[in-house]
Amino acid sequence: MGSSGEVNGVPPPHTIFDTILVLDFGSQYTHLITRRLRELNIYSEMLPCTQKLAELSWKPKGVILSGGPYSVYQSDAPHVDPAVFDLDVPILGICYGLQEMAWHFGKNVAAGEKREYGKTTLQVSRHHAHIDHLFDGLDAGLEVWMSHGDKLSKMPDNFLTIATTPNAPFAGIAHETKPYYGIQFHPEVTHTPRGTQVIKNFAVTICNAKQDWTMGAFVDKEISRIRGLVGEKGQVIGAVSGGVDSTVAAKLMQQAIGDRFHAVMVDNGTLRMNEAKEVEKTLKEGLGVNLTVIDASQLFLGRLKGVSEPETKRKIIGNTFIDIFQEKAKEIAAAAESTERAGKIEWFLQGTLYPDVIESISFKGPSATIKTHHNVGGLPEKMDLKLIEPLRELFKDEVRALGTEMGIPDDLVWRHPFPGPGLAIRIIGEVTADRIRIAQEADKIWIAEIKAAGFYRTISQAYAAVLGVKSVAVVGDQRLHGEIIHLRAVQTTDFMTANVFQDAPMSWFTKVADKIANEVSGVARVVYEVTSKPPATIELE
């Protein structure tokens with residue numbers, strides 16, 4: 001990815017925008033470094049620490065060496081390509097990255113007598129302009145987040161101490177003449193309140209990187225790239241769900257190639273209430289996307305009958321989707337080739353985001369392939385199509401910003417995620433028509449109450465699920481043996497970890513529970529989950 005050059009004459013972002021390269025040593029925080037840079041409107045890419053610099057076809061404005069769970073002195077410890085120090089660009093080492101830099105220049109790293117985890121106070125030492133730039137605009141005493149067990153046993157030659165903590169006399173180091181810096185703390189985490197300023201000082205002041213990475217700049221260049229890839233007559237097909245990613249990707253394709261992008265939505269019967277009609281209205285009428293909607297709900301529900309195991313449900317939904325999509329694609333392809341701007345369908349739109357790319361190249365455990373959409377796995381290969389992934393350089397917040405840039409309404413841009421298999425994985429056990437109805441009605445009330453209370457934008461994802469076990473309730477004078485509704489609401493910035501939403505009073509939760517129990521037929525009990533991620537996943541199945 002990072003070493004790629006032009007595609008059909010269209011240059012990749014790292015050749016257009018000033019780019020900070022982040023080399024990943026396996027820290028759980030590495031992706032946050034890239035996010036903080038992007039938030040500063042500085043383009044950044046992440047590559048594994050094993051990346052050979054000679055294989056890069058581009059030169060970064062600066063390099064950041066991430067943290068990692070290793071000890072640099074161990075025989076199996078990962079080490080950066082020494083050529084990074086020949087790039088003649090500024091380098092910042094964070095935590096393990098500092099130790100890696102010190103190891104390169106003198107191998108003076110050892111196990112610390114005392115591990116340092118959590119918040120501590122950093123004391124900044126001032127020297128002269130070149131060295132002091134890293135802490136420009138910051139107080140001499142800073143609250144920072146530490147997470148390390150090793151330490152520098154001796155300062156490398158030609159380096160100076162620029163910061164200390166009570167347990168780390170070399171908490172910050174800098175080369176006397178070269179723009180090499182190392183810090184033992186993590187500026188990328190929110191627990192270091194002024195950490196973003198440290199990153200900005202490195203990227204902007206020291207590396208002189210331009211802050212020109214905006215979605216306004218991206219959209220024009222991406223439209224040009226899409227047109228270059230597809231050509232004047234090429235056709236693209238893709239599955240859409242009405243979620244943020246597929247809506248933004250579909251609108252981007254529509255702006256780039258118009259009706260030569262064919263969006264297909266398959267109603268599998270487990271969508272949110274009135275979802276198919278709302279998506280058709282939004283994409284087709286509101287955004288001008290060339291959309292085909294297929295109602296296959298009865299086929300899906302028939303195949304799901306009697307199935308309770310979650311992975312089996314996923315496979316049935318995925319395989320059924322592929323069967324339907326392939327058949328419809330043949331019809332669309334035949335019609336497309338007979339249009340005025342005739343051309344074959346050669347491309348398949350996929351909504352890969354940058355976190356998927358990061359997961360696939362992360363040093364701590366690369367995946368065999370980048371994650372695909374729940375429902376389209378294997379489709380491009382089966383249909384002999386090439387992938388087009390217009391969002392693959394973007395984080396979720398950037399996708400939302402891109403949607404706003406293209407004029408997509410806020411209620412769509414800020415819509416909560418919805419799983420590809422739909423309510424089938426929000427219904428524990430067998431998926432029946434009645435359980436789908438209950439899940440749809442309960443979810444509609446839950447989301448409506450969240451919006452009415454003004455919580456929707458502060459909650460990252462919320463849903464109502466059916467637990468698949470029955471409970472006793474009393475409705476009027478009648479005994480009811482009904483379903484249990486499970487409510488979930490979480491807050492997260494990256495969906496890799498998530499906290500439970502708890503900013504509302506118990507009286508509000510009680511009001512919502514009463515409303516669902518009273519208005520949704522067949523519900524006996526309502527519960528609210530208070531488990532964070534980890535250990536629990538956001539979805540139930």
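Here the Cβ of each residue, glycine as well, is placed from N, Cα and C on the backbone.
Unlike curated records, TrEMBL annotations are generated automatically.
Per TrEMBL, the feature domain 'GMPS ATP-PPase' maps to 213-415. TrEMBL lists Ser241, Gly242, Gly243, Val244, Asp245, Ser246, Thr247 with the feature ATP binding site.
Features recorded in TrEMBL, as mapped to the structure shown.
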residue : record           : Cβ contacts under 8 Å, 6 or more apart
Gly242  : ATP binding site : Met265, Glu275, Glu278, Val279, Thr282, Leu283, Arg415, Phe418
Gly243  : ATP binding site : Arg415, Pro417, Phe418
Val244  : ATP binding site : Lys396, Val399, Arg400, Gly403, Leu412, Val413, Trp414, Arg415, Pro417
Asp245  : ATP binding site : Gly351, Leu353, Leu391, Val399
Ser246  : ATP binding site : Gly238, Ala239, Val240, Gly351
Thr247  : ATP binding site : Val240, Thr282, Leu283, Leu287, Gly403, Ile408, Leu412
> If the ATP site is taken as the center of the Cβ atoms of Ser241, Gly242, Gly243, Val244, Asp245, Ser246, Thr247, which further residues of that chain fall within 8 Å of it by their Cβ?
Replying inline: Val240, Val248, Ala249, Ala250, Gly351, Arg415, Phe418
> Tell me, what is the mean pLDDT of the domain 'GMPS ATP-PPase' (213-415)?
Replying inline: 86
>> With DSSP assignments reduced to helix, strand and coil, which class does Thr247 (ATP binding site) get?
In response: helix
> Including all protein chains displayed, how many Cβ atoms other than that of Ser241 (ATP binding site) lie within 10 Å of its Cβ?
Replying inline: 23
